[in-house]
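Colleague: Submitted below is the structure of interest, expressed as structure tokens.
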Amino acid sequence: MEEDQNLTYLIFDGYVELHKYRYLYFMIFFIIYFLIICSNCTIVYLIWKHQNLHEPMYIFIAALLLNSVLFSTNIYPKLLIDSLSEKQIISYPACLVQYFMFYSLGDSEFLLLTAMAYDRYVSICKPLQYSTIMRKKTVGIILVLAWFFPACQILGLATMSSYQKLCSSTLKVIFCNNSFFKLFCATSRAITVFGVFTVINDVVFPVIFIIYTYTRILIICYKSSGDVRQKAAQTCLPHLLLLINYFILITYDLIIVRLESEFTDTERLIMTLQLVLYNPLFNPIIYGLKMKEISKHLKRLFCQQKMN
């Protein structure tokens, strides 16, 4: 009975010398979270406020940045609390909720990136049909599916996991991801199969589609003038690099259960932090500041603040 009681709380054991660098951890997490919230929310506010930014492309950007805020809020407040706590623990139900939010919002990012790639594909490859294809109703349906579809699948995984018996309570990470599958007394074939199905639907297919659409865009732009080719390269290549980087980190996260013993604590911590750092921090720059109209409104906003 006492053993079952202990396993209702899980221990995060992924920190490296937390007792020694406790306040450094806290400051780093706080600064990163502050920058993520400020940068993403500022651009979302600009898109909401200005009528000329109420276009499908900017709406998808706002949705992506809002997703980054929710994704980060699921992780960083708990990291801030744990960095100052004597014990880094979490209840198993809370761990399942964090797991659900982490993968649901993470998979939604791939689908939102897919929607953005499709929007650019239609605008460049089928400009005469753009207004017919990308109507407000269509955009709304795409956004609902981008959040609802992954949520339903990850909810299924979280529900199945909640019925599994735990034989250990120590996680070699700093937040709840699929590494808690290592705590199960027995491997669940149903969870494994459904997990692979979810990854293929929410990650593999979207990545293939994004690469395909950007390839088509680059081919068409390559046949155009030099200025168009340069603009396309400046726009598409950073997006593809960010996508590839995120895909590699997600792939690492998905196979961490099998490779756990092959990484040191420091290497595992660095890889895990990259997953919750790069995209939330760089999305506002790549998909926001580099967009001409958003950059223009942002400069006006800061100029008004200085004048006041």
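One-based numbering along the chain as shown.
Positions of Cβ are set from backbone N, Cα and C atoms, glycine also.
The feature transmembrane segment is assigned by TrEMBL to 23-48, 57-76, 96-118, 139-160, 190-215, 236-257, 269-289. Annotated domain 'G-protein coupled receptors family 1 profile' per TrEMBL: 39-287, in sequence order.
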Colleague: What else in the chain is close to the transmembrane segment (236-257), if you only count residues 6 or more beyond its ends and a Cβ gap under 8 Å?
Modeller: 106, 109-110, 113, 117, 173, 177-179, 181-182, 199, 203, 207, 210-211, 214, 217-218, 268, 271-272, 274-275, 278-279, 282-283, 286-287, 290
Colleague: Restricting to the same chain and to residues at least six past its boundaries, which positions have a Cβ under 8 Å from a Cβ of the transmembrane segment (190-215)?
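Modeller: For the transmembrane segment (190-215), the sequence-distant neighbours (Cβ-Cβ under 8 Å, at least 6 residues beyond its ends) are 107, 110-111, 113-114, 117-118, 120-121, 149-150, 153-154, 156-157, 160-161, 164, 178, 181, 236, 239-240, 243, 247, 250, 254.
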Colleague: When you scan the chain for residues with a C-beta under 8 Å from the transmembrane segment (96-118), skipping those not six or more beyond its ends, what do you find?
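Modeller: Distant Cβ neighbours of the transmembrane segment (96-118) are 57, 60-61, 63-64, 67-68, 70-71, 74-75, 78, 90, 142-143, 145-147, 149-151, 153-155, 157-158, 161-162, 175-178, 180, 198, 202-203, 206-207, 209-210, 213-214, 239, 243, 246, 250, 279, 287.
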